[in-house]
Structures are given as C-alpha cells and as structure tokens.
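So that you can see what the record holds, here are the features copied from Swiss-Prot:
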- 332-346: compositional bias 'Basic and acidic residues' (COMPBIAS)
- Ser53: phosphoserine (MOD_RES)
- Ser206: phosphoserine (MOD_RES)
- Ser223: phosphoserine (MOD_RES)
- Ser276: phosphoserine (MOD_RES)
- 71-79: region 'Caveolin-binding' (REGION)
- 165-182: region 'Calmodulin-binding' (REGION)
- 443-482: repeat 'WD 1' (REPEAT)
- 684-723: repeat 'WD 6' (REPEAT)
Amino acid sequence: MMEERAAAAVASAASSCRPLGSGTAPNPTAAAPASSPAPGPGPVGKGGGGGGSPGPTAGPEPLSLPGILHFIQHEWARFEAEKARWEAERAELQAQVAFLQGERKGQENLKTDLVRRIKMLEYALKQERAKYHKLKFGTDLNQGEKKTDLSEQVSNGPVESVTLENSPLVWKEGRQLLRQYLEEVGYTDTILDMRSKRVRSLLGRSLELNGAGEPVEGAPRASPGPGGLSGGESLLVKQIEEQIKRNAAGKDGKERLGGSVLEQIPFLQNCEDEDSDEDDELDSVQHKKQRVRLPSKALVPEMEDEDEEDDSEDAINEFDFLGSGEDGEGSPDPRRCTSEGNPHELESRRVKLQGILADLRDVDGLPPKVTVPPPGTPQPRPHEGSFGFSSDVFIMDTIGGGEVSLGDLADLTVTNDNDLSCDLSDSKDAFKKTWNPKFTLRSHYDGIRSLAFHHSQSALLTASEDGTLKLWNLQKAVTAKKNAALDVEPIHAFRAHRGPVLAVTMGSNSEYCYSGGADARIHSWKIPDLNMDPYDGYDPSVLSHVLEGHGDAVWGLAFSPTSQRLASCSADGTVRIWDPSSSGPSCLCTFPMDGEHGIPTSVAFTSTEPAHVVASFRSGDTVLYDLEAGSALLTLESRGSSGPAQINQVVSHPSQPLTITAHDDRGIRFLDNRTGKSVHSMVAHLDAVTCLAVDPNGVFLMSGSHDCSLRLWSLDNKTCVQEITAHRKKHEEAIHAVACHPSKALIASAGADALAKVFV
C-alpha cells in the first residue's frame, strides 16, 4: 500500500504539480513548521479530487521531489522499526517456548529415571526378602508352599488358622502387586483420572447424600448449617463430630472414641506405619505365623480384628473404581451399598479379591496365603458415617490433589526415615574419591627410588637403583591379562649415571628433567617426544649437560618454576642451589657450610615464598633457608617429644606457609613456616614413613611407608580417608616414593619391588 501511494505521489508531481486530492497520499510538507490549517472556509472537501473548483483561498502547497523522498524515508524508517520490534518479540517468545519445552523434557527424563531407580530398589528388596526367608526357614519362596497348611484345619472343635489374610502387610503387598499388573496393561493414568473424577463428584454431592442418607440408630440426625456443607473439609468435620457423638453413647465410649478418631483420620496411622523400621516389620511377620485358637461360638471382635477387617475392606474398596470406570459419574457407588444394601456384598467382594490375589501369586511366585472365612456375619464398620462410604481411601486424595497428577509415580512406595538417613550417609560416602590401581610399570630391574610426573601430559618419569631413568607414556597402555591392571612399556631409557639413580625432578614446562645419583652428579636431560618409537636409534642430544660440585651421593632434588632454580641435597652434608640454564659455573650458593645439622635427606621449595627453600636432616632438624641472603632463616621445631628421629622427606603445602615432614618414628608433623612451631603431629603408619606428596589443590596428603601401605589423609581434619596396599617388601624396605600429577587425577607410587603403580 505504501508503494502504491508513493507511486501516485510521484506521478502527480511529475504531471502538473496539482494539489493533493482525496485519492493521493497525504501532503509530506504537512510536517513543516507551518503545520496549521490553511486559511479559508475549511479543509479540502471530499470533492477536491473530483474536479470541483477550489475555494477563494490558496490550496495546499504543491508536491516536490525532496518532500516525496522525505516521506518515503520516514515511512521506511517506521516500517523498519516495527519490523525490528516484531522480530524481537518473536525471538523472545521462541526462546520462552524453547525453555519451557526443555524444562518439560527434563522433568520427564527425571521422572523416568526416578521410576527406573525405584523399580530397581523394589526388585532388590524382594530379593533380600527371599534371601532372608531362605536363611530363616531354610526353604525358598516357591509355589509348592501354597497348600502346606490347608490340611491342618480341623472341622470339629476349635478351628486353627494362620492369621495371614487380614494383616496390613499382606494387603499392602496385594495392592502393590495389582498396581504393577495394572501399570503393565496401561491402565494407570486412566484409573487415576477416574478416581479423581469420582472424588470430585462425591464432594460435589455431599449435601445431597447427607439429606438422603438414613441416620444411624441411636444417633441424632445431623442438620446442615445455614451455609450447607459445600466443601470436603466441612464434610469431614461433620462426619467426625457425628462419630464422636455415637461412640460416646456406648459402654466403652472412651476407648472407642480414641480408636474412632484415629480411624476417621487414617493418614495419622499411616504415618506411624510408614515410620516403622525393619525390625518391626520382621516382628509382624513372626506375629502372623502364630496360630490363634478361634472358639466355635461367635466372639465380640476386638480392636485388632476390626483393624484387620478395615484393611481388608479398604483393599476391596481400593479397586471399586474398576467397575465404575465405564459408568462415569452416574454409576452407583459400591461403598454406599455396603451400608444401605445387601450386608453380604462386602464378604462376596472380599472373597473375590482374595481369589484374584491367589491367581496372581501363582504367576508371580509370592508366598501363598491361607483363606479362612470369618466367623459370623461382618458387622458394619464403626467409622462409616451416614453417607455409606468409608473415607479411608479418599482422605489423602482430597489433600492437595493426592495421586491425581503423579502419573507413573502413583504406584511407588515411600521408605521410612531410618532408611532415608542411611541412604543419605551412603550417598555422602559415594562422593568421596576412591583411588584404584590402573597401570603397573614393570621394566626396572631394581628398586625405584624417585618419581616425577609430566606437568601437562599423562607421562611419568622413574629413577631406579639399576642406574637408569625411564619415561612412560601412560596413554599407550596394553592389557596383559583379562581383568588385570594395564601394563605400560617405557618409551625411552636415560643412561648416563654410574650407579644407582636416587632422585629425579621435572624442569620448567617439562621440557627438561634433572636426576641425581650415587655418583655425586646431577644430569640434565631433554624430554623426548612422548609419541616416539621406543625402538628408534639413540639420540645424543637428550643428555644436555652435567652439574658437578657435590662430593657424595645426591639424595634429593627440587626445582622451582618461579625462580628457575634447582636445589639439591647430598650425603656430603651440603645443600646447593643451581642455575641449570647457565652455560658456565651454575652453582649459586651452598649451605650450611659448617654442617651443624648433619647430613641432609630432602629439600623442597616453599610455595608461598619462592625465595625460600626448606631442607630436612638425619638429625631430625628442619631448616628454612633464604636464597637471597644465602643463610638460614629459621629452624623449625620438627623434633618430637620422644627424641630426634630421621626425616626421610620434606614437602611444602601448595597454598599455605606449611611444611610437612615424614619421620622414621612412624610420624608425620606439620610445621608453620612463619613461627617455626609444630601445628600438628600424628602417628601415620606401622613402620617408618618414607615419602610424602601433596595434591596440587592442597586437599589431601599421600604418604608411603615400609609397612607396604599407601595412605591418603584429609588435610582438613588430618584423618585417613583411604589405605592402599600396593607393594611388597624387599630387604625390609617397601615404598620409596609417591607423587601426584600437577594437572590430572593421577597418583603414583614406587617401591623396592622394582614396580611403579599408577592410580586413578
């Protein structure tokens, strides 16, 4: 439409610049400052475009090409703005629809998963019950037990029967079994709809039923209030008041009053029943097995018999809606017939349902139940009101909708609180990380003394007493045997030491590694490609250079990526700091010069202060050194109350000023680098603690000992969370080294049995 109007305007301007008629576009110059109406008797009439003579005053201004272009631009801008607004609204609505669809799909998936899980748990519960029955009675639950007790009935004299058919547990099992079969044939949702429909119809006609029902003999007729009983809540209150008045008139009014109120509000009893634990359930099973002697004459039913009869009637009434599903709301309610019609109808329904349950048990393999007709005619239930139906089934349905909107979840059972608390504790334990062996490294010929992980790849470097270092690519694992740990072959062997290799550490970015041995030398190695062929020729460029200066075996190495410095401790009694990247003399400083603390055993850089290094000694001392000052800064209190014990390894916490030491006296001590005080001390193993490693996040500590065990400790509460037996003893030695991967969920251990193991 806009294009037609613009074309008409251009045509009229090109022809004779006639005034704007009624059939043309509005004057674009109307937006000019002189926007007031033109002087004259009035605006242009309807006949302005039909050839009528103009008025005595001047007409509208003639059209011009700039005005037409301005009008077109204005209309185009308005159209684009509306289009953008429409697109934004459309995108917003599409996003909302997509969000709602995704939420609905997620809820359906969650419901399906929960149903599957609960079905699995119910199946496991059935298996456990069968196992318990076999352990207690020595026989399996089979169909051969169905007629075991039928021959024991005696026709003359008192009758013996097993009270199995009326117990709440039996009816509960029957309900669950019938619900399962109904769900398999696809009647679950339909049945729930019918039940909700009938509940609404009953509540809607409550006033009519109250007026039509016959009053109970001996009880006053209840007259409706001024407002009538319009809701389910008023109906329930009215029914409870009538029942209290009826029960108060009898002999045992006080006893029956309490029972009647509880029966009238059955969900209180259900809560107690659901909260019973497994021991109570087992007691009820034993109670069902007890034989009760019934005299030939009819007895007054006790409270327990009434409860059992109530449960049986509830079970029958539970399935009354199956027959009323086709009739709809207008079908007669079987519950009304029990009190207004034939009194034997309840008995016939109960016998019919027991026959159905017996047939289903033949198919499902459930234990048989003995059916004995009750003595005498069943009495009317004391808690049935004048309406003729029981409220046991419908009370929970009227509260918040009940089962109406549950769908597939309607047939699920609820566990008691004790089982729930156990499940919560078990779920907490399930979240704890459990380390399991994944790789076994078998290529060394003697004990492995040290380990070092690659910083970013799944690779491990081992140093052994056989004089070699070996590089392992853990991504190239092969399975040697079925159900066995994966074996890994080394991709490269480093050979240059003249004697056992005692220490190894990774350099910056894992491009270089450094090893120290019994030959008093420190070798710098270039890490080869992890995807190299293990059978390639020897590459002499792998050995970078040698750091010399120590006079005895090098027992410990540590590298600081921050300061690019290498620290070493030797049996000659010194700790040296090296610059491994220097081409000239690379030893920067040496301490202690006097050897007052003895022979160092381990060295480590502190994580919080890169310019500080901590060293441990055989004398049990732990000294903190300042690299900038080149002197001892602080002596930590690492000696225990029982006397000095050799420290085998010292490590630093990755995020706190904390030093951790492993001692020969089976202890682990935590020391504060700021004060030098001992923060915590504990006995960690059954033998000497030989090695330590802290994970990069500072959550747990791993320790190894000569008692052949690895233990993982929580650094929050200093408790052991896992113990692993991974190595065997050799010459009274077991585990020599442990390590944690800097960036992956891998830990490793090495021992005197020439094996290294990796855990995930």
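Each residue, glycine too, has its Cβ placed from N, Cα and C.
Residues 488-495, 497-506, 509-510, 513, 515, 517, 525, 527-528, 530-531, 557, 730, 733, 736-744, 746, 748-756, 758 of the same chain sit 6 or more residues outside the repeat 'WD 1' (443-482) yet have a Cβ under 8 Å from a Cβ within it. Counting residues per DSSP class in helix, strand and coil order gives 0 helix, 24 strand, 16 coil for the repeat 'WD 1' (443-482).
Across the region 'Caveolin-binding' (71-79), DSSP helix (H, G, I), strand (E, B) and coil residues number 9 helix, 0 strand, 0 coil. On the 0 to 100 pLDDT scale, the repeat 'WD 1' (443-482) averages 89 in the predicted structure.
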